[in-house]
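These come from TrEMBL:
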- B:ASP76, B:ASP78, B:ASP80: Mg(2+) binding site (BINDING)
- B:CYS77, B:CYS94, B:CYS101: Zn(2+) binding site (BINDING)
- B:30-103: domain 'Phosphoribosyl-AMP cyclohydrolase' (DOMAIN)
2 protein chains.
Amino acid sequence: MEWLDKVKWNQDGLVPVITQEFETKQVLTLAWLNKEALRLCAETGHAVYWSRSRQKLWHKGEQSGHQQIIQSIRLDCDNDAVLLEVIQNGGIACHTGRHHCFYNKLVDDRWEAIEPVLKDPKEIYS
Amino acid sequence: MEWLDKVKWNQDGLVPVITQEFETKQVLTLAWLNKEALRLCAETGHAVYWSRSRQKLWHKGEQSGHQQIIQSIRLDCDNDAVLLEVIQNGGIACHTGRHHCFYNKLVDDRWEAIEPVLKDPKEIYS
């Protein structure tokens, strides 16, 4: 599809993707897409990423139930970054059981975890 | 500094950085940091990136005057992505003269530029 070829895929065939919560505008995650994942995002309306650690497609929420329902797909000025706006099922995007992944804040030369764990990861992935 | 070593720098010594507008929560840009850039962000309170195309530090706004005043610096759960909250001087973050870089929206298998150009780039960079 032509629109997929407009994206500047990097040497590994990936682009970074920012996922932002539609309602709160909170940035939830930074993840990666390959061409197939982005195609599936558009076709299914659910967030699908490329897992670099597992080297396979990662249907967000497949284990946790915390699917992300896509509201919009955007591409930046250089065609090398994507932004998804989503509704976050269960209100938890992070594998640590937090609302989002950016919970470490720099305070006086130290990273402080300032967001609460909403659900024990053992419960999420059991 | 220890907090800089907590970051998982990639094989090129970089991490992706999402920059979000403090007031509107709009995602402005996706850029990259090396260790020196992140150190300068923390020390100066102004956004400094690593330009991959020019292979040098990029003090945001040095040409355009559109500096970004940092309100917080955050690190994600995997220590491999950074989120900056900023006040955007001049209300323009994108080199195209738009408020932000994610102005191409996927509409029916086509990317449509849906955000207005606020200032002619020729004026910004003259």
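Here, residue 1 is simply the first one shown, and the rest follow in order.
The backbone N, Cα and C atoms fix where each Cβ goes, glycine too.
Between B:ASP80 (Mg(2+) binding site) and B:CYS94 (Zn(2+) binding site), the C-alpha separation comes to 24 Å. The distance from the Cα of B:ASP78 (Mg(2+) binding site) to the Cα of B:CYS94 (Zn(2+) binding site) comes to 28 Å. Under DSSP, residues within the domain 'Phosphoribosyl-AMP cyclohydrolase' (B:30-103) fall into helix, strand and coil as 13 helix, 28 strand, 33 coil. With a 10 A radius on its CB, B:ASP80 (Mg(2+) binding site) counts 15 other CB atoms from all the protein chains. Reported as a whole number, the C-alpha separation between B:ASP76 (Mg(2+) binding site) and B:CYS94 (Zn(2+) binding site) equals 24 Å. When the binding-site residues B:CYS77, B:CYS94, B:CYS101 are compared by the number of other C-beta atoms lying within 10 angstroms of their own C-beta, B:CYS77 comes out lowest.
Ranking the binding-site residues B:ASP76, B:ASP78 by how many other Cβ atoms lie within 10 angstroms of each Cβ puts B:ASP78 at the bottom.
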